[in-house]
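Each remark here refers to the structure printed beneath this line.
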Amino acid sequence: MCGIVGLLAKQAVNQGIYDALTVLQHRGQDAAGMMTWSEGRFLLRKSNGLVRDVFHTRHMARLKGNLGIGHVRYPTAGSSSEAESQPFYVNSPYGIALAHNGNLTNSEQLKQELFSTDLRHINTSSDSEVLLNVFAHELGKQGLHLEAEDIFDAVRRVHRRCKGGYAAVAIINGFGMVAFRDPHGIRPVVFGTRQTDSGQEVMIASESVALDVGGFELERDLGPGEAIFVDMQGQFHTQVCADRPQLRSCIFEHVYLARPDSILDGAYVYGTRMQMGRKLGDRILSEWPDHDIDVVIPIPDTSRTSALEMAQHLGVTYREGFMKNRYIGRTFIMPGQTQRKKSVRQKLNAIDVEFKGKNVLLVDDSIVRGTTCKQIIQMARDAGARKVYFASAAPPVRYPNVYGIDMPAAVELIAHGRTEEEVGELIGADRIFYQDLEDLKNACREVNPEMEAFDCSVFDGNYVTGDIDEAYLAVLEASRNDSAKDQSAGDHALVDMHNQDDDLDD
Ligand SMILES: O=P(O)(O)OC[C@H]1O[C@H](OP(=O)(O)OP(=O)(O)O)[C@H](O)[C@@H]1O
Ligand SMILES: NC(=O)CC[C@H](N)C(=O)O
Ligand SMILES: [Mg+2]
């Protein structure tokens, strides 16, 4: 779940892209990058780190032009090396730069096809480089003068070849900006416009919050299989380019990934999280009408919205019993388990008076590896809680994700092969409550009834692209489990266009 942004404006875009990446930072903390286009040349800066650490004044000054794309990365394929940070670039045809959120499930096969049939070389183990090259190859079948229709034809062929989850934004040298979303719309992408005296400006982004901050009016989400082409004058053209588009957006975006102030597929994430809190409250009341919960305490940040609504629904006091260190990022999207474990303790601290002698219900949005809840329950006990109950606003996460969330190994998921009660015991809770999957879907549908179906693979093991079997999952687990990742240090040497590096004088 990386963050992507594209901006075509009537003025320099570097600051606008930087600001958008800053508000998309929660989607990827490993690397950041920006590529702008000016007078027929691409300019690149990308590196490992947070947005504020990657772009210094000297880099920003060199990222000239009124057209650009940006990326914040949370790796789900290849390594976390700088060489695989994004955007990527190819020189033929035309000169194309691309940033991608998601994960291709057939990238190995595509890589071979690209080499043996399309005569293209892939120099990293990133699936995003594969996606760019498939797009470039298909675009190369068009003539020298590209029209919107030609671009949509190329995207149609990309959809026929690529499988998995992908939302991508690209620059085509001299022609404009393109974005496309996979035929199931698994990963989100929205676009919006801003009117200026010199004409219309267009921003494309993973989440609408990026448009808000930039002063853009949200037009809408791209639909499943849809593409948008923005020409150099700022006029946009859209077309559904998939043969059988079906919206199956990732429900985990609503549970955890997206910011609550974003609107995804027409639903306020804040609203869907409130509904999750209500539904879980209902479940607790029906399973345990004479409960003895004294206080509801959220585990900051993401669970706050659900926890507050749940407390009100239960008629129980809501208290912020854990304080969060604002300088520590999201722990779940950190690359290794050692770092994740250490960060929970650095990030959260208990306020003893809220726990002493009380029966507390701790609420989190989800339990994935169990890293957070195990430590938090112990902290609640150390702070003097009498009973510690635990509620998860999402159902048990039992299956790997293959569409752009780095959960590749079932064995690392605490609920894999375990009942709800067994998880409760393992994490040390006196009682555990999980959301029901139908309730989770209904929580989203209540905010936007048009969201009929979702990708819920992490909860039900049903992979909407239809190409995932046990053998695929076994290979994924072997290559991307935590210890395998520790061993693949990654090559930081960039074989790429000139990258604005740190040796430059200020
Ligand atoms: O069971 P686990 O493997 O620990 O994963 C689940 C936890 O990780 C996330 O928090 P995170 O700290 O990443 O982000 P947040 O501050 O947005 O809640 C999520 O909100 C849960 O708290
Ligand atoms: N989380 C993502 O969207 C990752 C994009 C891409 N698969 C990468 O690893 O860079
Ligand atoms: Mg959390």
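Quick reminder: no glycine exception, Cβ is built from N, Cα and C everywhere.
TrEMBL does not curate its annotations; it predicts them automatically.
Listed in TrEMBL:
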DOMAIN    2-233  domain 'Glutamine amidotransferase type-2'
ACT_SITE  Cys2  active site, nucleophile
BINDING   Thr302, Asp364, Asp365  Mg(2+) binding site
REGION    484-506  region 'Disordered'
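Thr302 (Mg(2+) binding site) sits 17 Å from the residue listed as 'active site, nucleophile', counting Cα to Cα. The two recorded residues, Asp364 (Mg(2+) binding site) and Cys2 (active site, nucleophile), show a Cα separation of 22 Å. When secondary structure is read from DSSP and collapsed to three states, the residue listed as 'active site, nucleophile' falls in the coil class. When averaged over the domain 'Glutamine amidotransferase type-2' (2-233), pLDDT in the model lands at 97. Checking the recorded positions Cys2, Thr302, Asp364, Asp365 against ligand 2 with a 6 Å cutoff on the Cβ atom leaves Cys2, in sequence order.
All protein chains included, Thr302 (Mg(2+) binding site) registers 24 other Cβ atoms within 10 Å of its own Cβ.
Most Cβ neighbours within 10 Å, among the binding-site residues Asp364, Asp365: Asp365 holds that distinction in the structure as shown. Cβ proximity to the Mg(2+) site centre (mean Cβ of Thr302, Asp364, Asp365, cutoff 8 Å) flags the following additional same-chain residues: Val255, Tyr256, Pro298, Ile299, Asp301, Ser303, Ser306, Val363, Ser366, Ser392, Ala393, Ala394. In sequence order, Arg27, Gly28, His71, Val72, Arg73, Tyr74, Gln86, Ala99, His100, Asn101, Gly102, Ser206, Gly404 constitute the residues six or more apart from the residue listed as 'active site, nucleophile' in its chain with CB-CB distances below 8 Å. DSSP assigns Thr302 (Mg(2+) binding site) to coil in the three-state reduction, outside any helix or strand. In the three-state DSSP scheme, Asp365 (Mg(2+) binding site) is classed as coil.
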